[in-house]
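Engineer: What Swiss-Prot records for 119-276 is coiled coil. Under the heading compositional bias 'Polar residues', Swiss-Prot lists 407-417, 451-477, 580-590, 1558-1569, 1582-1597, 1635-1645. Summarising the annotation, Swiss-Prot assigns compositional bias 'Low complexity' to 1620-1634. Per Swiss-Prot, the feature asymmetric dimethylarginine maps to Arg495; the stated evidence is similarity to another entry. Here Swiss-Prot flags 1-28, 269-293, 366-435, 451-478, 492-612, 868-898, 1442-1479, 1551-1645 as region 'Disordered'. According to Swiss-Prot, the repeat 'ANK 1' annotation covers 706-736. Under the heading repeat 'ANK 2', Swiss-Prot lists 740-769. Annotation source Swiss-Prot lists repeat 'ANK 3' at 773-802. What Swiss-Prot records for 806-835 is repeat 'ANK 4'. Annotated repeat 'ANK 5' per Swiss-Prot: 839-868, in sequence order. Annotation comment: Swiss-Prot describes 909-939 as repeat 'ANK 6'.
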Amino acid sequence: MATDGASCEPDFSRAPEDAEGATAEAAKKEFDVDTLSKSELRMLLSVMEGELEARDLVIEALRARRKEVFIQERYGRFNLNDPFLALQRDYEAGAGEKEKKPVCTNPLSILEAVMAHCRKMQERMSTQLAAAESRQKKLEMEKLQLQGLEQEHKQLAARLEEERGKNKHVVLMLVKECKQLSGKVLDEAQKLEDVLARLEEEKKKTGTLEEQLSAEKRKSTEMEAQMEKQLSEFDTEREQLRAKLHREEAHTTDLKEEIDKMKKMIEQLKRGNDSKPSLSLPRKTKDRRSVSISVGTEGPVTRSVACQTDPAVESIDHVKKLPLTVPVKPPTGSPLVSANTKGNVCPSAALGRPGIDRQASHGDLIVSSLPTVPPPSASKIEENGPSTGSPSSTPPLPNSTAPPTVQTPTIAPQSHAQAAPGHSLHSPCANAALHPGLNPRIQAARFRFQGNANDPDQNGNTTQSPPSRDVSPTSRDSLVAKQLARNTVTQALSRFTSPPAGAPPRPGAPSTGDVGTCPPVGRTSLKTPGVARVDRGNPPPIPPKKPGLSQTPSPPHPQLKVIMDSSRASSAGAKVDNKTMASPPSTLPQGNRVINEENLPKSSSPQLPPKPSIDLTVAPAGCGVSALATSQVGAWPAETPGLSQPACSESSLVIPTTIAFCSSINPVSASSCRTGASDSLLVAASGWSPSLTPLLMSGGPAPLAGRPTLLQQAAAQGNVTLLSMLLNEEGLDINYSCEDGHSALYSAAKNGHTDCVRLLLNAEAQVNAADKNGFTPLCAAAAQGHFKCVELLIAYNANINHAADEGQTPLYLACKNGNKECIKHLLEAGTDRSVKTRDGWTPVHAAVDAGNVDSLKLLMYHRAPARRNSLHEEEPESGVFDLDQGEESPEGTSKPVIPADLINHADREGWTAAHIAASKGFKDCLEILCKHRGLEPERRDKCNRTAHDVATDDCKHLLENLNALKIPVRISGGESPPGNYGSDDFECENTICALNIRKQTSWEDFSKAVSQALTNHFQAISSDGWRSLEDGTFNNTTDSCIGLSTSSVRSVMLGNVPWSTGQSFSQSPWDFMKKNKAEQVTVFLSGPQEGCLSSVTYTSMIPLQMLQNYLRLVEQYHNVIFHGPEGSLQDYVAHQLALCMKHRQMAAGFTCEIVRAKVDAGFSKEQLGDLFISSACLIPVKQSPMNKKVIIVLENLEKCSLSELLGDFLAPLENRSTESPWILQKGNGTSECYYFHENCFLMGTIAKACLQGSDLLVQQHFRWVQLRWDGEPMQGLLPRFLRRKVMNKFRGQVPSPCDPVCKTVDWALAVWRQLNSCLARLGTPEALLGPEYFLSCPVVPGHAQATVKWMAKLWNAVIAPRVQEAVLSRASVRRQPGLGLTAARSRPSQGQQAVVKVALSILLNKAVLHGCPLQRADLDQHVADFKGGAFPLSIVSSYNSCSRKKGESGAWRKVSTSPRKKSGRFSPPSWSKPGPSEEGIKVKAISQLNYNRNASLSKQKSLENDLSLTLNLEQRLSLGSDDEADLVQELQSMCSSKSESDISKIADSRDDLRSFDSPGNSPAFSATVNPRMPVSPKEVSPFSSHQPTECSNSQSKMELGVSRVKSFLPVPRSKVTQCSQNTKRSSSSSNTRQIEINNNSKEEI
């Protein structure tokens, strides 16, 4: 501003350009005063006034300065007071006049400098003014916001007060309702108890009634059996009486004849003829005797034959009433008869008796006279294979062999139905539907000759029919002749009328395939059932063919050349020239075309040029092939408009081509299997072109002379030679089209002849020529699936987006027929996916309508490349879409290409692709559509229906879960475990399941789902084994066996929002989770803070009931000690119980304190007393008890002597009163008395399995909680913990027991149990391990090696050192009494080292490696990581040099066989009698160590005798026995337990002492046996006689460096005693044999 003001002053001394610059600068800084507000104008005025004042002051100062300077220059140039002036004076005096400069500058320059300074100050002031203005504006805005916030705060405070009042009212109402509901609950609980009691009573009554009913049923069945037996006996007697009656009648008639003869003889005698009657009488008598004999023996046989035939006709009506039962395959338990057994076995009356109506006597005769060989209908095989109604089929039997089945009473109810001829699953006209269009006379002849059910079919089997009455030899001969004649005619007719069978491997060779399991493609005719003779007139009307009828095959026939009769135009046939015709499979729809397979190899003999064969289609049922269509070569039925139908469609097509046509089910490029090229070449060479079939003529004979027609024929047949010849002719129209508009290129593309298409395209045929329906060659090739033709046509610039008359594009047709390769080529060519038909359908609709998943995936995800330069250019990898990956996670691999508008496009009816997929039940297609994020499943059609409304059940479920949220449910264990129980062993949170929350899910459903998930999880982790939640094996009770249920839940967090079961919010669960971004549901269990132990139970897997019992013991008895093997969670349990007690006492209003003390070896009783006093647990006698609760936890008490530490405190702790004080002796000789008050609780932990020595004196003063490894809670803790760990890895799911993770976990559990079992047998309880060390077992799905590596680390760091220490401590109890335990451990002898290594090796093989889930090769790689897995044999052999006591005898160290000592493992040795040598003892010990086959007491020692083992060990140690030898024997007996057969599979056979084989599973082998070869049980030799041989064989093998042979045979439990007795005999042999064995072992070393 000052500058502006200054510039307004006239200054004539300035240059003109300076004035112009100042004017421009003033113009720039000028602003509009009118726009300023009043306050701004005031401020501007004040600023301008200040500047004016400043300008006046400056002017005055300048004037004064100018005056002063003028005076100074004129009058005061020289002033002595100023040295500057003196210097100036000298300067002026010393220089010339011209060189002198003025003393001061021009006043105008000074004025300009002052004005420049004023300008700068003006600029600074302006910037400061603008900043001040902006700050003022911000301050005003903040004031306004503050006022608004204050108003909102007041409003919210008022609302809060209102809500508080409402909430208070609601809370009061809820309290009242809760009280009412609690009363109701109690009433309902009482009612429920009453109802349950009544239910139990009713169950008991029902059980008694069921028992009575079962007893009555048993009685009734017994009575029925007795009645059946009596009836059978009565039937037998009746038959016998009938036979006897017949014999008697015959005898009576004979006697009557004899009487008549006697009368005649008497008359003759009377007449005087004495000689002749006397001679005839003996003959008659002789005849009479022979007749009587024949009647008695042959009568019943003749009658039995009559019984098979005569009553059959009478009982037909009766039999027809039976249920339809056609047994085809006899039961597996029926006995078999050899093939040479005759069929006329004498029947038994009780054999094959039916359980049906027994009133008619002829029915019984039918059954009683049945032969034991079943009728052929039982194993009947029709001419074309097994019958369609039979559940299974038997292979055909040869004619010379009788059916090898005998009917037993087990199938008696079916035998009568087998004998009944009228029951069959076939219809009388079942075969008529299979050959429509044939001559009725041929069908009638076939029907007639197949009508005889007794005729054997081509497989040599006969069907059952009523036997003929005439059994004379002449009738039988004629019957055989008739059968042969009918069989011959039937075979000829069957070959003529049925489609030819597949090519046999050898003409005339029998079929070796199993007809019942995999039927080959065969003839489709069915043989008519064998019923009574049918009238041989015309056959019954032909029923329509059923699509679901499974057509049974027939064995292949030799090639038969059938020549058609030219005069018979109505019969269909085909001329076959050494080609095998294959019928389509029976599962294809009607009208399948019959295709030609590969030509059989031609014979070397010269033949005429082959004529092209004609493919005929089997016409649909009910419509025969017309005479014109079958007799004329060029017949072509009218085709329905459009190419929407696949190659195998319902329309009947006759396509003469020698190329196997590709059906829509399995499209194959026809160009890759051109089998008729040689035929076509021969045809072209021979000039026999008129026989080529014209393809494109619709009815009538084809004009065979036209060249365009020949061109189309050659293109249709794929005759490249003829086509090239025709294309070389001049004047030929290659674009000629027939009446349907089909060009030669169209025909070649439709039939997939790629070479023909290439020739025509090179000849410049029109690539986009359309037929009368608008289809181009590309449309035809895409519809038929000829992707090679499609690729070729696209390369020649065919219109890929051409739409037919109905709007179908090539892409649409390819999607409709599911031609994947064609779709890929079209998409890569850049075809439009959004072209719509007249009906509004897109290719997406077509693909979904066909249910083709691959086509839909290609449409949605296949990206077209940027450009394709040439035909043979490879596809870029970016455009390739992996169908398999796309199915799993298409979003992860690529995003959908098609937009949301196309996926949601609706047709004329309003249906989208989702509607079509849902209505048809195509769940896979619908799932792919749902993965598109732009899908609108709520889109409605014109009938206002969504896809969900028209969907099937599966698709409805999919749509309902479309937008479902998968929220994991986790359980938090509450407090983290103290000390070394860190997060490595105890997971903070465990996933139990994932909830699917849908939009329609209510809070009630959500609460039920959470509760059910918790219940299922608790039951799953506490169940035995790996039982899935879906098995239904869990109880319906809410509590699990560990005591947890939904009542154990403290709170639930939905993300970060607290929620309680049954609580509802205004929003639905789905909206609530979405809005709050809740990613998980966390369940918190009640813990010690609430005075509960549920969280402790879940964290430690100790049952809640047991923890509550422990807590009750502490609260009731005040003094409790927890003891068990190391790692039994004693410290954790004690600490959690202390926390729970503390919070309970605090909730009751008491103050409580927990004092933890870790005891070590230097902890004295004085320090313990100070701890009691400082924690106010011990108070002076004069002081009254206080209300403070004190909980003292003493940990690691096993490190000190309990009797020394607690000896003085035992009485005061037990009697807590002033009468039983504890006296504290002070240093000055004074003492003070203290006592324990009732509010003090003492808990201790001991990591020791059992107490010994003086520590037992403390036992009676405390309550002891023993945590045994083989009892609860420790026994089930580890399985439950690891099962929960596995479920957490599998996100709450229980894997199948076959899963490798389950096997690995089971192996870890087995290691812990077997290890402790073996250590208990060894008598080393100090080495027992609790489950704590195994809680860190890694659970890595698919990587069992991680668990084995972890086991190796655990073995090397924990298990092996403990075992080594325990074994050394036991072996050195008597060895070095003077040195003590530490000296023995620090300097173990050589024998002790050997024993330790033996123990480690045995434990490793028996307890750790046994049952390892790894393969043998993988396990061998990890065995070296285990310490003690193998040790050198020299160390063990030096064990022989160890000195023994002189009184020890080898003879008395042998096993005693007295009955009194058989029950123990080892009888105490007697030292009274001296032995002949000590070498036998040494030999026996080392031989038993090296060759466990000599372990005499191996198999009868089991794991149940731990107590006797301990007693025996104590006795032997007390008698001064050699502890090392005892340990070796104990190790050996442990090694030869029942699981040895399994150990031998795991142990490495190449290590000398890793495999300990027992005599129960090692047979005698020679030295040449392959060690890997399994041995059959037949090769096992008696153990008693071959035991020395086994030892010598194993010795020789080890000397030769060959690994020892291990047996893989299991040891039956029943043979354990036998084996042990046999080995006893061998081990009790002379010592010389043992010495020899020892010598062998030395040589080996």
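Glycine too: its Cβ is placed from the backbone N, Cα and C atoms.
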Engineer: For the repeat 'ANK 5' (839-868), name the stretch out of 706-736, 740-769, 773-802, 909-939 with the most CB-CB pairs under 8 Å.
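Structural biologist: Against the repeat 'ANK 5' (839-868), the leading stretch is 909-939.
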Engineer: Summarise the model confidence on the coiled coil (119-276) as a single mean pLDDT, whole number.
Structural biologist: 93
Engineer: Looking only at the repeat 'ANK 4' (806-835), how are its residues distributed among DSSP helix, strand and coil?
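Structural biologist: Split into helix, strand and coil, the repeat 'ANK 4' (806-835) gives 17 helix, 0 strand, 13 coil.
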Engineer: Quick one: DSSP breakdown of the repeat 'ANK 3' (773-802) into helix, strand and coil?
Structural biologist: 17 helix, 0 strand, 13 coil
Engineer: Tally the residues of the repeat 'ANK 1' (706-736) by DSSP class, grouping H, G and I as helix, E and B as strand, and everything else as coil.
Structural biologist: 19 helix, 0 strand, 12 coil
Engineer: I'd like the per-state residue tally for the repeat 'ANK 2' (740-769) from DSSP, helix first, then strand, then coil.
Structural biologist: 17 helix, 1 strand, 12 coil
